[in-house]
């Protein structure tokens, strides 16, 4: 008998149009093996990753666009063990709504590890700059710039979550999953610049603002 693969429910949330479905579909096996749960209108993609401690799997719950019609039902969040909140760096309103998604998620799942992802960093007209991305620091989340269409930083959120869930900072991915070929290319120099800007921004004190709505 082969050992059971540790499997974790991951909820993927954020405004409609931020690239959540594009992101999850990059992982080809997960896309091939996805299942549709009609009762709550969700697609579940089983994303497997190979680590130096064996295989780990995330059952990624994708909302299939329901968030466009208001909030998601609690049934979507129940028993989630980790989460990714996504916004679009070309759309300020999607970042402004991040606290609402975070509130809904932690109301049902209190102390789960969560990664905040700013998607579409391949687009030149970036609106949400590093210095304005502070929510993750207030709430102790991890943050990554990503570009779903180019696969840039695709594995980063999953690796961070895997380490948290396994309680092992030494965990590494030893083989890359098969990903859909990039539809766009990122500018490597620009990505390095963004990373430096993020590091510099993280070193700054958090702005004094009214946290009542965050």
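For all residues, glycine too, the Cβ spot is worked out from N, Cα and C.
The domain 'Small GTPase Ran-type' annotation in Swiss-Prot covers 4-168 and rests on sequence analysis.
For residue 17 (GTP binding site), the Cβ neighbour count at a 10 Å cut-off comes to 14, with all displayed protein chains included. Look at Swiss-Prot and you will find 15-22, 65, 119-122, 147-149 tagged as GTP binding site.
The annotation region 'Switch-I' is assigned in Swiss-Prot to 34-42. The predicted model assigns the region 'Switch-I' (34-42) a mean pLDDT of 85.
Residues or ranges marked as region 'Switch-II' by Swiss-Prot on the basis of sequence analysis: 65-81.
Around the Cβ of residue 15 (GTP binding site), 21 further Cβ atoms fall within 10 Å across all displayed protein chains. When the region 'Switch-I' (34-42) is classified with DSSP, helix, strand and coil residues number 0 helix, 4 strand, 5 coil. Just so you know, the Cβ of residue 19 (GTP binding site) picks up 19 other Cβ atoms within 10 Å once every protein chain is counted. Residue density at residue 21 (GTP binding site): 17 other Cβ atoms are found within 10 A of its Cβ, drawing on all protein chains shown.
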